[in-house]
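Lifted from TrEMBL, the feature list:
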{"type": "BINDING", "residues": "A:Leu85, A:Ser86, A:Phe113, A:Pro114, A:Ser115, A:Asp116, A:Thr155, A:Asp184, A:His187, A:Tyr209, A:Trp239, A:Thr265", "note": "pyridoxal 5'-phosphate binding site"}
{"type": "MOD_RES", "residues": "A:Lys210", "note": "N6-(pyridoxal phosphate)lysine"}
2 protein chains.
Amino acid sequence: MTDFAATKAMFHIPDGMIYLDGNSLGPLPKAAPARVAKAMTEEWGEMLITGWNKAGWMAKATEVGDRVAKLIGAEAGHVVMGDTLSIKVYQALASALELRPERRVILSDSGNFPSDLYMAEGLIKSLGQGHELRIVAPEEVEENITEDVAVTLITEVDYRTGRLHDMKALTAKAHSVGALTIWDLAHTAGATDGKLSEARADFAVGCTYKYLNGGPGAPAFIYVAPQHANLVRPALSGWLGHDAPFAFDLSYRAGAGIERMRVGTPPILALASLEAALDAWATVDMSDLRTRSQELTQLFLEEVERRCPMLTLASPRDAAARGSQISFSFEQGYAAMQALIARGVIGDFRAPDIMRFGFTPLFIDEVDVLRACDVIEEVMTGKLWDKPEYHARAAVT
Amino acid sequence: MTDFAATKAMFHIPDGMIYLDGNSLGPLPKAAPARVAKAMTEEWGEMLITGWNKAGWMAKATEVGDRVAKLIGAEAGHVVMGDTLSIKVYQALASALELRPERRVILSDSGNFPSDLYMAEGLIKSLGQGHELRIVAPEEVEENITEDVAVTLITEVDYRTGRLHDMKALTAKAHSVGALTIWDLAHTAGATDGKLSEARADFAVGCTYKYLNGGPGAPAFIYVAPQHANLVRPALSGWLGHDAPFAFDLSYRAGAGIERMRVGTPPILALASLEAALDAWATVDMSDLRTRSQELTQLFLEEVERRCPMLTLASPRDAAARGSQISFSFEQGYAAMQALIARGVIGDFRAPDIMRFGFTPLFIDEVDVLRACDVIEEVMTGKLWDKPEYHARAAVT
């Protein structure tokens with residue numbers, strides 16, 4: 001059994017805070033500052049340019065990719081780090097569309113994170129081939145995977161409700177009609193026992209600053225299934241995806257496999273922080289993680305529902321049908337969340353009325369859940385959110 | 001007069017090393033580790049998700065952009081940080097081509113950094129409109145700016161030779177035939193007294209890990225001239241370039257001006273390091289910098305030529321016609337550079353035979369130049385490079 005008390009001790013949580021927003025930005029791993037300081041002083045400071053070889057910087061994008069691959073159920077050698085999730089969406093989508101040149105439909109759902117849809121819109125305009133971004137309700141995805149669909153672009157776990165798509169079933173359906181799949185794992189990686197390879201996913205993308213705790217703006221990742229890895233044309237054909245970057249040829253020749261999904265110079269300081277964060281996963285069994293996540297979310301769901309009838313559950317009631325978050329709808333959700341934050345229970349708000357609470361088993365336990373429930377009960381039953389200062393909106397929530 | 005002894009004291013250079021490779025990766029600013037540690041422990045660690053507001057993370061991309069703008073002669077409010085240089089090339093090129101929809105030629109030169117050409121190749125294939133990437137010799141750029149050219153994609157300072165293009169003249173020529181200009185400032189920013197606005201450049205892109213000393217993989221920047229900033233369509237239309245990112249609309253609406261060139265979540269740790277690096281520029285007058293750079297490169301050129309007749313100058317002899325580097329051709333240049341590096345004089349090698357030396361006035365002075373010349377003379381006249389270990393190639397040079 002995974003020792004979650006040991007992993008909890010690896011994170012810094014400010015005194016008195018119950019941090020249920022690891023699904024937005026994971027907390028600081030205690031080992032991360034020293035690891036980044038080492039990368040800065042011992043590597044950059046002393047090795048300077050030779051750090052690319054001596055400190056192994058050039059290989060970090062794939063080395064760290066292999067560590068992430070284990071957490072999402074991907075084959076080793078098929079995940080690479082870099083850029084942001086939005087850029088990785090663009091790469092995956094451009095690749096997938098070229099693999100299905102006779103089709104014009106990108107199927108997504110209204111529960112997808114907007115940036116994925118925006119990137120698709122931008123790509124469609126650039127391609128100018130009349131592709132259609134078809135957005136259906138999340139529960140209607142399966143029936144809409146028809147023979148005109150080139151690729152599905154789906155976020156596995158809905159960022160607002162936590163609803164978990166059935167990756168295996170949807171991928172099988174897509175393949176049955178000749179379509180490809182791109183899975184956005186933003187709220188999956190580190191939140192569930194990822195099974196990319198088992199589900200036969202074609203592409204996947206994700207970020208590392210949520211449940212993987214890499215830090216604000218930590219690099220993204222992309223997965224390309226083995227059967228596609230040497231076939232796809234990189235739309236963002238940067239020099240580090242070139243077959244021989246340091247030959248400085250004037251024309252592009254795609255590198256082998258996942259290497260071609262690299263673009264520019266890798267972000268070494270951010271990768272150092274991420275490496276420290278990934279150390280916390282070394283002893284974690286992912287099926288233990290999934291079980292623990294379900295226990296914690298179920299406890300929270302039941303306690304809050306029992307104590308706070310004014311809140312409406314916005315997440316699936318069935319633990320198997322959701323990721324590692326629980327959301328409630330409440331008309332004054334923004335103010336209520338501000339009141340909770342003022343009392344040390346950190347969740348977040350998503351328009352129009354969603355109060356969102358994320359549970360990372362690595363640092364959240366039952367004691368935290370019950371303490372959070374006490375505060376939520378106090379705020380909700382006492383209408384403590386009904387103060388002007390809780391209604392003032394900040395730029396970022 | 002700028003106090004370059006004071007700026008020199010702000011950088012960590014290992015004992016005995018003369019670092020003439022700041023044009024590849026700038027050295028560690030002494031203040032950077034503490035600044036990053038602060039971002040990690042005081043901001044990320046204590047503020048967690050609220051750091052986006054409380055620590056001002058969300059505004060960093062444009063705030064830091066304004067600081068870079070001053071160094072490259074751009075208008076405030078027209079530079080934004082993020083991603084890598086290759087991604088920024090893609091954004092600028094996609095934008096420029098759409099502003100000239102009736103034209104099909106992208107003009108570049110064989111001295112451009114290959115990644116820029118690779119990104120152009122990738123974009124051309126995605127667009128599928130029959131654009132041509134026309135690559136001419138650097139000295140033939142001006143005469144090739146003809147009426148079929150949509151945009152020029154030129155690196156101002158040649159990464160191998162240090163040859164400096166005449167930005168003002170080429171931009172004027174481009175505009176006279178209705179073409180646009182994209183300037184890659186990778187070897188310009190922090191190396192010369194940049195004059196983007198004065199030259200009426202349309203777009204510019206650059207990195208911050210060379211003369212700006214931001215650290216390995218530090219974020220890139222993009223400039224869009226005021227007259228284009230609200231007209232361009234962002235091909236990479238990510239959520240942070242949206243007019244209202246936190247409204248989570250399902251469709252994209254470009255943000256105001258340079259904001260639309262933002263894509264995904266900004267790299268906060270890397271930006272913190274870059275902020276510390278930019279502090280070193282606070283007291284630097286850019287025309288002093290240019291003068292000092294010319295003095296140092298001229299001294300180096302004359303001393304090396306006088307002492308080492310076996311080396312052939314590969315950079316312009318006229319200081320006004322080059323950036324802040326001096327390159328020499330030498331058939332055994334790789335081995336010779338390894339021998340220099342073994343003796344603490346750090347330059348780098350670029351295929352096929354270029355020995356490249358960069359001079360950042362912020363931390364290089366005459367004493368360094370003359371000491372470097374002593375070592376170069378010793379290695380070259382004594383053929384000290386002629387040892388097997390200096391011929392073994394590393395993956396990255």
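Using N, Cα and C of the backbone, Cβ positions are placed for all residues, glycine too.
Across the residues annotated as binding pyridoxal 5'-phosphate (A:Leu85, A:Ser86, A:Phe113, A:Pro114, A:Ser115, A:Asp116, A:Thr155, A:Asp184, A:His187, A:Tyr209, A:Trp239, A:Thr265), the widest Cα-Cα separation comes to 30 Å.
Neighbour density at the Cβ, taken as the number of other Cβ atoms within 10 Å, is lowest among the binding-site residues A:Phe113, A:Trp239 for A:Phe113. Less than 8 angstroms from a Cβ of chain B: among the binding-site residues A:Ser115, A:Thr155, A:Trp239, that describes A:Ser115, A:Trp239.
Rounded to a whole value, the Cα-Cα separation of A:Trp239 (pyridoxal 5'-phosphate binding site) and A:Lys210 (N6-(pyridoxal phosphate)lysine) is 29 Å.
Taking CA atoms as the reference points, A:Phe113 (pyridoxal 5'-phosphate binding site) and the residue listed as 'N6-(pyridoxal phosphate)lysine' are 14 Å apart.
Other Cβ atoms within 10 Å of the Cβ of A:Ser115 (pyridoxal 5'-phosphate binding site) number 26 in total over all chains. In the three-state DSSP reading, A:Trp239 (pyridoxal 5'-phosphate binding site) counts as helix. Here A:His187 (pyridoxal 5'-phosphate binding site) comes close to A:Asn23, A:Thr155, A:Glu156, A:Val157, A:Asp158, A:Tyr159, A:Gly162, A:Lys210, A:Tyr211, A:Gly323, A:Ser324, A:Gln325: these same-chain residues lie at least six apart in sequence, with C-beta atoms under 8 angstroms from its C-beta. Counting only same-chain residues at least 6 apart in sequence, those with a Cβ under 8 Å from the Cβ of A:Leu85 (pyridoxal 5'-phosphate binding site) are A:Ser115, A:Asp184, A:Ala186, A:Val205, A:Gly206, A:Cys207, A:Ala220. All protein chains considered, the CB of the residue listed as 'N6-(pyridoxal phosphate)lysine' has 27 other CB atoms within 10 Å.
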